[in-house]
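These notes are about the structure you will find just below.
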């Protein structure tokens, strides 16, 4: 126990310290800053890019997520958003662009064609961008709405917040320890979809 001398009724030094200091772990602080300052690099290939470009308009206010500044070079980006049909000829340039991004880096696959090839089950289309890139978040739809991309950013932020990165100064170059989530998003939202009793025209709502 420590004693301090002060005037009666005056604020104690411990109270002043608690009001002016924030105590946290370094990993949590770094993860918090990373998830609120995503620098996206858009790679649009077909119709899904129109919806992705719509998400950048003031109507959806992507600045709320700290991802409003679109980078023109992969060397300044840490988030790659792949939207549209990925042909085999574009797979190699896309992989090279991903390799030019600095660590840590994340990938969002947007649309049915980027996720699984979509309706193009032919030799010239890559059947899922995850066959050569590590995808963090999948956005379903053909094409998905801008709100779906907003939800993908929120999911990616929650994933970044739980990533644990070792101290590279002491351990050398190592990758992040990413948590394993065995429950797909489709299964997590199934109960809410099954509880819908009234179906209506989307244009009427």
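Residue numbering: from 1, along the chain as shown.
Just so you know, glycine gets a Cβ as well, placed from its N, Cα and C.
For reference, Swiss-Prot has these:
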- 47, 48, 113, 142: [4Fe-4S] cluster binding site (BINDING)
- 183-193: compositional bias 'Basic and acidic residues' (COMPBIAS)
- 171-205: region 'Disordered' (REGION)
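Feature map: Swiss-Prot annotations on the structure.
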residue	record	contacts (Cβ under 8 Å, 6+ apart)
47	[4Fe-4S] cluster binding site	84, 143
48	[4Fe-4S] cluster binding site	83, 84, 110, 111, 113, 114, 143, 144
142	[4Fe-4S] cluster binding site	111, 112, 113, 118, 119
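In three-state terms derived from DSSP, residue 113 ([4Fe-4S] cluster binding site) belongs to a helical segment. Those same-chain residues not listed among 47, 48, 113, 142 yet with C-beta within 8 angstroms of the centroid of the [4Fe-4S] cluster site C-beta atoms are 46, 83, 84, 85, 111, 112, 114, 118, 141, 143, 144.
All protein chains considered, the CB of residue 113 ([4Fe-4S] cluster binding site) has 28 other CB atoms within 10 Å.
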